Ligand SMILES: C[S@@+](CC[C@H](N)C(=O)[O-])C[C@H]1O[C@@H](n2cnc3c(N)ncnc32)[C@H](O)[C@@H]1O
């Protein structure tokens, strides 16, 4: 019975993720959805700025803290191994929906491209960004990343294997294609408002810090030499720019 409940919980968490992901596309692109990043009544600038920064910070704290191995070790004792990833996905998705709901528009235009060919190019790049995000999740292990493998394995009394470390497909071009896809989608717009710029700038800063100082640190710790070699061979986010890692990291992968 408990396994069925965990299964239903995991499926619901995945549905909430799908809703938040699709809404994110509409929100950032000001497309299809009732409330886009630039819609709604504008309030005083400082208040809007503080609310928006507060919302993004809330997301950053939840997303970073709950992804750390130390937190997970403690958290699985409470929630159980099978439901851990689904809970992470559910809370992440709910916080995203909170951002979309409470986001304060700041509609002063920073740039507005009128050339229709350029507008089309930017719109295509925007969609390419989202396609990169989605495709890359399948290159790692989409169903494990979103907790579905864990809940199905739990039903079958099977231990979920950690996904294979991926160095192929887009992971051969950059180490973080999912993040690259987000960055492309956040910045590629023909009309950039102050609110959209704030969103893009803060999320970019967060992605750079979280990837470099949290995720890669964990991966170096878990994979050691293998990850250092990967860092030496494949650039972090910008394709075809190779970055050499600090030699001191080779002797201390946990640094
Ligand atoms: C949301 S995904 C983002 C992955 C990567 N940062 C990216 O942007 O494509 C985070 C999870 O992917 C895992 N991960 C990162 N690089 C990986 C790789 N090359 N192969 C398999 N898993 C990876 C991390 O350990 C973490 O659990």
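One is the number of the first residue shown, and numbering goes on along the chain from there.
Placed from the backbone N, Cα and C atoms, the Cβ positions cover glycine too.
Here is what TrEMBL says about this protein:
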{"type": "TRANSMEM", "residues": "7-33", "note": "transmembrane segment"}
{"type": "TRANSMEM", "residues": "45-65", "note": "transmembrane segment"}
{"type": "DOMAIN", "residues": "53-208", "note": "domain 'NnrU'"}
{"type": "TRANSMEM", "residues": "86-104", "note": "transmembrane segment"}
{"type": "TRANSMEM", "residues": "124-148", "note": "transmembrane segment"}
{"type": "TRANSMEM", "residues": "169-188", "note": "transmembrane segment"}
{"type": "TRANSMEM", "residues": "194-214", "note": "transmembrane segment"}
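Panel annotation: around the transmembrane segment (45-65), residues 71, 91-92, 95-96, 98-99, 102-106, 195, 198-199, 202-203, 206, 210, 214 of the same chain, lying at least six beyond its termini, place a Cβ under 8 Å from a Cβ of the stretch.
The listed stretches are 7-33, 124-148, 169-188, 194-214; of these, 7-33 has the most Cβ pairs under 8 Å to the transmembrane segment (86-104).
Proximity of distant same-chain residues to the transmembrane segment (124-148), defined by a Cβ-Cβ separation under 8 Å and at least 6 residues beyond the stretch ends, is recorded for 10-11, 13-14, 17, 25, 28-29, 83-89, 160, 163-164, 166, 168-171, 177-178, 180-186, 188-189.
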